[in-house]
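What TrEMBL says about this one:
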- 85-148: domain 'Pre-SET' (DOMAIN)
- C87, C89, C99, C101: Zn(2+) 1 binding site (BINDING)
- C87, C130, C134: Zn(2+) 2 binding site (BINDING)
- C99, C130, C136, C140: Zn(2+) 3 binding site (BINDING)
- 142-278: domain 'SET' (DOMAIN)
- C238, C299, C301, C306: Zn(2+) 4 binding site (BINDING)
- 295-311: domain 'Post-SET' (DOMAIN)
Amino acid sequence: MTLVEKFQQQTGFASNKKPKIIIPIPSPKVLEFERFLNRSIKNGPPISVINDIDDAGIPSNFTYVENYVYGEGVPCRIDLSERLVGCRCKEGYCTAKGCSCFTEHTGARLNYDRTTFQVMLKPGNVIYECNSKCTCLSNCVNRVSQRRSDLSLMIKRFPKKGWGVITRRKIPERVFVTYYYGEIIKSTEADRRGSQYDTKGLTYLFDLDYNAEDHDECAYTVDATYFGNFSRFFNHSCDPNLVVYPLINDNADIRLHHIAFFTSREIQVGEELTFNYFGNFYNEEVESGLSKIKEKYVCKCGSTKCIGYFH
């Protein structure tokens, strides 16, 4: 054995060693947080919690959900599903040229790769999946986001950013991660709540604005302050590894599309899952319009591409 090999063996730096996440002994509040999460999670593996920073536990008045909560005046999914039109593909097998979900929305192109289930549409496009009125089976290539998750995740406490989400296993690029669940409210109510949240530094409002030219035309917003899933803990990064797609599969109203997170690159073990709060297409026009909030929302992503603030 060479000196280098002996050093690698003794220190754990051998090239064939897999990266490991060191988990500290959990505090009572961390254990309570884990139990709270895993009592509610039905659509995926349990989620662990790490906090060796402070004594923070379950966020105040927070309820973990795996579906939407509908605010006053917001049409619910059951009502909207009556207007859905499904495909009639034979033997539950959808093809790009034979399935109406593709021919009517994607120009007869698949949304996902048949083998890897990686999204093939470019960001900025709507993903139209098969729905409850379709005759295809649950393993259809066009039902990727509707399948049970197999991601292995942790919610971790960071010194400056608070809670965040890290992965315990490598995640390939362009794969579905989750929806941004929460309470869907009208934009007028979102403006009212937003004014209150700004004073507390809360940033959990996400506009359903794919079809809106500006904020005034946005009809609905998802508020994950008090209701949400693990995506509620995704932090902002100026160099993110997640990208957002509008996705439709359970209603016929584009104004109530899903906010669907996909990986934009391969994510390594122990790496935090992040997205850009500005949206997928940050540019100089966005920066000029947000100059007034630079001091209010200081960015702590730590990326070499950090612009210093977010919204």
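Every residue, even glycine, has its Cβ placed from backbone N, Cα and C.
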Please identify which of C130, C140, C301 has the densest Cβ environment, defined as other Cβ atoms within 10 Å, among these binding-site residues.
C130
Name the one residue among C87, C140, C238, C299 whose Cα is closest in three-dimensional space to that of C134 (Zn(2+) 2 binding site); these are the binding-site residues.
C87
Count up the helix, strand and coil residues in the domain 'Pre-SET' (85-148) according to DSSP, in that order.
10 helix, 4 strand, 50 coil
From C136, C301, C306: binding-site residues whose CA lies within 10 A of C130 (Zn(2+) 2 binding site):
C136
If you take the centroid of the Cβ atoms of C99, C130, C136, C140, the listed Zn(2+) 3 site, which other residues of that chain have their Cβ within 8 Å of it?
C87, C89, G92, Y93, C94, C101, C134, T135, L137, V141, N142, R143
Roughly how many Å separate the Cα of C140 (Zn(2+) 3 binding site) from that of C89 (Zn(2+) 1 binding site), to the nearest whole number?
10
For C101 (Zn(2+) 1 binding site), which residues of its chain lie six or more apart in sequence with Cβ-Cβ distance below 8 Å?
G86, C87, C94, Y128, E129, C130, N131, C134, N142
Of all the binding-site residues given, namely C136, C238, C299, C301, C306, which is spatially nearest to C99 (Zn(2+) 1 binding site) at the Cα level?
C136
Shortest C-alpha distance to C89 (Zn(2+) 1 binding site) - which of the binding-site residues C136, C238, C299, C301, C306:
C136
In angstrom units, rounded to an integer, how far apart are the Cα atoms of C299 (Zn(2+) 4 binding site) and C136 (Zn(2+) 3 binding site)?
45
